[in-house]
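Asks: Take a look at what TrEMBL says about it:
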- 1-41: topological domain 'Mitochondrial matrix' (TOPO_DOM)
- 61-374: topological domain 'Mitochondrial intermembrane' (TOPO_DOM)
- 343: active site, schiff-base intermediate with substrate (ACT_SITE)
- 343: pyruvic acid (Ser) (MOD_RES)
């Protein structure tokens with residue numbers, strides 16, 4: 001007579017060993033292994049969530065019979081953040097009754113520490129929906145633009161990281177890097193960048209440097225939900241090219257950024273590239289959960305968080321044409337775009353070796369304040 005295999009564990013009440021139906025579980029898990037990958041993910045979700053949530057390793061016996069939980073990163077990546085973000089976007093567009101506006105916005109203000117005294121319109125009843133409230137404008141005197149330093153902060157936020165780009169890697173937070181080429185995508189033609197006084201070079205990082213003796217620098221600014229959601233031009237420059245990467249919409253909170261390597265390369269983002277007086281300059285707006293909508297004011301053809309996209313794909317658009325050989329000129333402090341909630345701005349630019357940042361990692365910064373200068 002055939003007996004089922006068992007796992008044994010201590011009974012806290014009797015001191016005896018409990019029988020665990022190992023063979024039956026193996027058969028059941030064998031059925032799971034034959035399922036298609038999407039179906040298997042779906043069926044693994046409940047067990048994986050329970051595995052991480054239940055105390056005292058209640059589901060650990062399952063790992064002894066061949067079942068393996070999804071990693072926390074894989075579990076998070078499998079969440080349909082794009083769908084959730086589109087649903088959140090629809091909700092934001094719903095017009096609130098006048099009587100409900102003040103309680104809803106007051107709760108948000110209290111939760112995220114919003115300073116409404118800086119808003120161009122302080123009356124909460126003025127904002128018809130959450131989207132209008134998130135994209136509120138500031139009073140002109142609320143953010144004076146620094147005229148002394150050559151590069152200013154394009155937005156309110158928190159400085160996550162800054163410094164020279166080294167070995168084609170950029171730090172998203174301290175100790176966690178991503179590939180410069182994966183983030184910006186394949187290099188566009190030298191004719192589109194137009195200016196190049198440096199000889200041909202091998203690495204992607206070296207190819208971006210257009211002037212002999214210059215270095216490549218980066219700065220990462222995280223916009224929290226309570227921050228001013230518009231972003232501005234950080235310097236005087238000309239935008240020649242836009243590259244849109246459809247992608248995931250995972251949270252870009254610093255805690256998650258420490259957890260997921262190359263997070264910024266996975267997320268949807270809009271890369272604007274061009275040149276300033278010292279050579280190559282780029283500004284990238286990175287999307288996040290509930291921030292599928294990235295708007296660039298001068299780019300009416302840009303549409304983000306579309307329902308369908310090909311993983312790893314991107315769309316290019318050149319602002320240089322037969323009728324416009326200069327691209328889009330931007331003045332320091334000029335309105336450039338907006339998010340629907342908090343997100344991240346990444347600056348990557350070349351400058352002479354004596355360029356110095358006026359920053360500390362982790363500091364709060366406001367639009368118009370100095371990032372660095374020569």
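Positions of Cβ are set from backbone N, Cα and C atoms, glycine also.
Heads up, TrEMBL stuff is auto-annotated, nobody curated it.
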Asks: Which whole-number mean pLDDT does the model give the topological domain 'Mitochondrial matrix' (1-41)?
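Replies: The average pLDDT of the model in the topological domain 'Mitochondrial matrix' (1-41) works out to 46.
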Asks: Applying a 10 Å Cβ distance cut-off over all chains shown, what neighbour count does residue 343 (active site, schiff-base intermediate with substrate) have?
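Replies: I count 31 other Cβ atoms within 10 Å of it.
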